């Protein structure tokens, strides 16, 4: 059924959960936490070729204005407290995308003494984007997977 047929009737019915989740998926504002070479691919995804703005994804410079954090690159032990602090400053509900092999599990530097073996040891991760570095298409797919996850969540407690 097309939307034109629904609007001719004069009303649309839905649940509050679906409406709230629809608005959340259409206006995701990520906080960029670029730590290494994966950040270049993240910038590439935000540029004109892939244009994340068409999905409602607008990069924000402040954690208080964002609801998604994209951790892109190698997370060192010295940077881990800053990552947690920025995550704690984000408003609820908040989601995390781990981008790249280094953010997912330490990557090439897994056995280094100064590298955290996955950002999921510091913050809860919702979507993992594999690759070294992952392509802009992979990040775009990860964002769409996060949108699907948000659509499936129950917003209002039952």
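Cβ coordinates are placed from backbone N, Cα and C, and glycine is handled just like the others.
Record features (Swiss-Prot):
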type	residues	note
BINDING	37, 38, 102, 132	[4Fe-4S] cluster binding site
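Cβ neighbour count for residue 102 ([4Fe-4S] cluster binding site) (all protein chains, 10 Å cutoff from its Cβ): 29. Cβ neighbour count for residue 38 ([4Fe-4S] cluster binding site): 27 (other Cβ atoms within 10 Å of its Cβ, all protein chains included). Around residue 132 ([4Fe-4S] cluster binding site), a 10 Å sphere centred on its CB holds 12 further CB atoms from the protein chains shown. Within 10 Å of the C-beta atom of residue 37 ([4Fe-4S] cluster binding site) sit 14 other C-beta atoms, taking all shown protein chains into account. In the three-state DSSP classification, residue 132 ([4Fe-4S] cluster binding site) falls within coil.
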